[in-house]
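Each remark here refers to the structure printed beneath this line.
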Amino acid sequence: MDLLSNLRRSSIVLNRFYVKSLSQSDLTAYEYRCIFKKTPELGDEKRLLASICYKLGAIAVRIGSNIITKEAVRPEKLQGHDWQLVQMGTKQLDCRNDAHRCALETFERKFLERDLSASSQTEVRKAAEGGLIWWVVGAKGIEKSGNGWEVHRGRRIDVSLDAEGNLYLEIDIHHRFYTPWTVHQWLEQYPEIPLSYVRNNYLDERHGFINWQYGRFTQERPQDILLDCLGMSLAEYHLNKGATEEEVQQSYVVYVKPISWRKGKLTAHLSRRLSPSLTMEMLAKVAEDSTVCDREKREIRAVFKSIKQSINQRLQEAQKTASWILTKTYGISSPAIALSCDGYLLPAAKLLAANKQPVSKTADIRNKGCAKIGETSFGYLNLYNNQLQYPLEVHKCLLEIANKNNLQLSLDQRRVLSDYPQDDLDQQMFWQTWSSQGIKTVLVVMPWDSHHDKQKIRIQAIQAGIATQFMVPLPKADKYKALNVTLGLLCKAGWQPIQLESVDHPEVADLIIGFDTGTNRELYYGTSAFAVLADGQSLGWELPAVQRGETFSGQAIWQTVSKLIIKFYQICQRYPQKLLLMRDGLVQEGEFQQTIELLKERKIAVDVISVRKSGAGRMGQEIYENGQLVYRDAAIGSVILQPAERSFIMVTSQPVSKTIGSIRPLRIVHEYGSTDLELLALQTYHLTQLHPASGFRSCRLPWVLHLADRSSKEFQRIGQISVLQNISRDKLIAV
C-alpha cells in the first residue's frame, strides 16, 4: 500500500543554509580509550567522559565509550588522578552512522563557537536546548530595557550534517534576557519574585561565568562564615579572588549549589558577587508586581509581543546572519540561501466521540457524548467558601455530557471550607473516609493564594486512591474554561472523551507506548509510560523507575512494555502484532535492546522512534503577497522525510496568530524497525491531534508522549512514588 502516492506534495523552506561538504581530513579523528581506576557508577560514565574532554587541551568529543579529537593530545594531558587515555590510532568517521554524524556535528559546533567568540562585541553561550546563543553585549545589543532588566538581540545558531556529509548552518532569532543587577539588588527590589538560577558576576580561571542553582538568602555576614576546608572566612576567600572591600562588607550570605551536581551540597556565596539568571517568567512576574509603575508594565508587555516574531521575520534575519558567518568564518563570499525541500501534507486525524460519531475537536463531545465512560460518582470540595453548589458552568457541562451518554451522575458528595480539617492526621482521614464511600475523583475549588497546600492535598488524596481536579474560583468560569475543567475531571475519572479512527494500513502499530523521564536534580524519574491502542483507546500509565542517570534501564523498559502487552491481551484477546515505542528525547545506547530481543522471540514486530522538541529548526512556505516573496509557517501536518538519516521533521501545531509568533516543528528519528517513514509520520501526527483533556487545542507532542511527559513531571513533584500504588492506572492524574 503506497501511502506517498496519496499524499499532497508541498515545498518547504527551512532556516538552514548550506556551508560545505566535509572533506576527508574533516572526517578523520584521533581516537582514545579511557581507563578509569574505579569503574563509574551506572549513569555516570558519559558525564565523566564529557568532563575529561575539557581537560585535554584540544577540542575533544565523546563517541560511545571513547573520546575523539581532531589533533593529537599532548602526552602530559593523557592522564588524570583517576583516569588514563590510551591512543587507539586514527578513526575514519562516516556521516551515514548516527553516532559518527553526531560527533562530527559537535566538532563543527565547537569550531564555530571558537570563531564566534573572537569578537569583543559579542558573547557566545551554549543553548539549553542545544546549539549556541550568540548575542550582542553592551548598549548596542539592547532592544528593550527597564528597571533592572534588559533584552538583548541575538541569534540561536547550530550546525547540522546530512548523511551525505553536507554541513548546514541553522539560524534563528533569539532574545537574551539579562539583568545587570546583583542578587542583593534584585531581592531588595523584588523580594517576592523567586530565583531559580544565578551566576557569578566575575570571571573564573577559564574566563567564564559559573552558573549555580539558587538555594536561599540569609542574614549571615561573610566574615562569620568559616570555610573549614580552606582555613579562612568567606570574606577572606572572596577578597583573595578579587572582590572589593565594599562588595564583601555590603553582602549577605546566600547559598547556592552547582547545577551539574545531582547531590551537591549548598555552598556559601555573596549576594553582591552573584547576578540572577533572568527568565521570561521572572519578567512576567515583575509586570504583575503591584509596586511596578504602569509605564514599566507596558514596556514589559511590549517585550513579550516583540519577541514573538513571524516566520517571515525569522528567515529574513537568519539569511543576513548566515551570509555574515559564511564570509567571516568560512571564507565563502556567495550569499546564503535558505534550504528548500520537497515535503508532504499529511491528512488530518478523524476524531470519534460516543458511538463512533465523528467530531472536529474534543469540545464537540458536549453535544455528542464521550467515547468511553468511566466513574459516575464525583466529589466536590469547595475550599474557597462554604457554598455547596458546583460552579454553574461546570455543573451544566457535566450534566450535558452525561445526558448525551444516556446516564446519570452522582454529584451529591460535597464538602466545603468549614468541613476541611486543619490537622494533618484528620486531613488524611478526611480523604480515606471519602474513598471508602466510593468517591475516587474530586473537583477541588481553591484560590491560588489559599493557605492550603495544593500539593499536600493532591498527595493525601492519591494516598486514599482519589484523583483531584483543581479549579480557581475567580474569575468565574465561562463555558470554555468550564469545558476544560470538566474534561480534566472526566479524564481523571477514567473517561475517554475521544478516540481515533485507526489508520487503514496493514503495517500500522496496534500498541503505541510513550516513555519520558523527569528529574529533581538528584534522581531521575524514568520509564514513566503511557499507552494507547491504534484507535487512541487508553491503556493507562505505568509507574516509573527511579534511576541515577537519564538513560533508561533496559529491564525497567521491558517490565513496563510487558505489563502493557498483558493489558492489550485482556482487551483484545490476542497479542499485538506490532509495537511503536516513542522516546521523548535522545535514545541512549542499549536502552531498548532487551525489549527488542524479547519481542523478537514472540515474533512481535517493533519500531523505536525518538521524538525531539529541538533540532528541527523552523519550517516555512514561500508565497507572494502584493507581488513580494514572503514566508509563512508551513501548514499543520507538513512533513519532510529524510530516509538517508532515517528521520523526518513535521509541523504538529500552529501559532495563535498568523502574524505573531512561529511554530516549532518536531524532529523524529527512526532508531529501530522496518516500518516506512511515511507511515510512522502519519501515525505520529494523528496522535498529536488526540488531546482528550483540551476542548480546542491539539498537542505538539504525540498524546502518549504528552501524557508520559506530564506524568514524569507529576511523579517528580509527588516525590513519594509509593503513594501511586493506591490509584488506578486508568485515571489520568497528570492532565
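Easy rule for this one: first residue shown is 1, then count along the chain.
Glycine too: its Cβ is placed from the backbone N, Cα and C atoms.
The active site annotation in Swiss-Prot covers ASP516 (among others), and the record cites similarity to another entry as its basis. Mapped onto three states, the DSSP output places ASP516 (active site) in strand.
According to Swiss-Prot, the feature active site maps to GLU550 (among others).
Residues annotated as active site in Swiss-Prot: ASP584 (among others). For ASP584 (active site), the Cβ neighbour count at a 10 Å cut-off comes to 22, with all displayed protein chains included.
In the three-state DSSP scheme, ASP709 (active site) is classed as helix. Annotation source Swiss-Prot lists active site at ASP709 (among others).
Summarising the annotation, Swiss-Prot assigns Mn(2+) 1 binding site to ASP516, ASP584 and lists similarity to another entry as the type of evidence. A 10 Å cutoff on Cβ-Cβ distances gives ASP516 (active site) a total of 29 other Cβ atoms nearby, all chains included.
Annotation comment: Swiss-Prot describes VAL735 as Mn(2+) 3 binding site, evidence class similarity to another entry. Look at VAL735 (Mn(2+) 3 binding site): DSSP puts it in coil. In this view, VAL735 (Mn(2+) 3 binding site) is surrounded by 22 other Cβ atoms within 10 Å of its Cβ, with every protein chain counted.
Among the features that Swiss-Prot reports, region 'Linker L1' is placed at 95-180, with the record citing similarity to another entry.
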Surrounding CB atoms that lie within 10 Å of the CB of ASP709 (active site), all protein chains: 24
By Cα-Cα distance, the member of recorded positions ASP516, ASP709, VAL735 nearest ASP584 (active site): ASP516
Local confidence of the prediction over the region 'Linker L1' (95-180), expressed as mean pLDDT: 89
ASP584 (active site): secondary structure state under DSSP, collapsed to three categories: strand
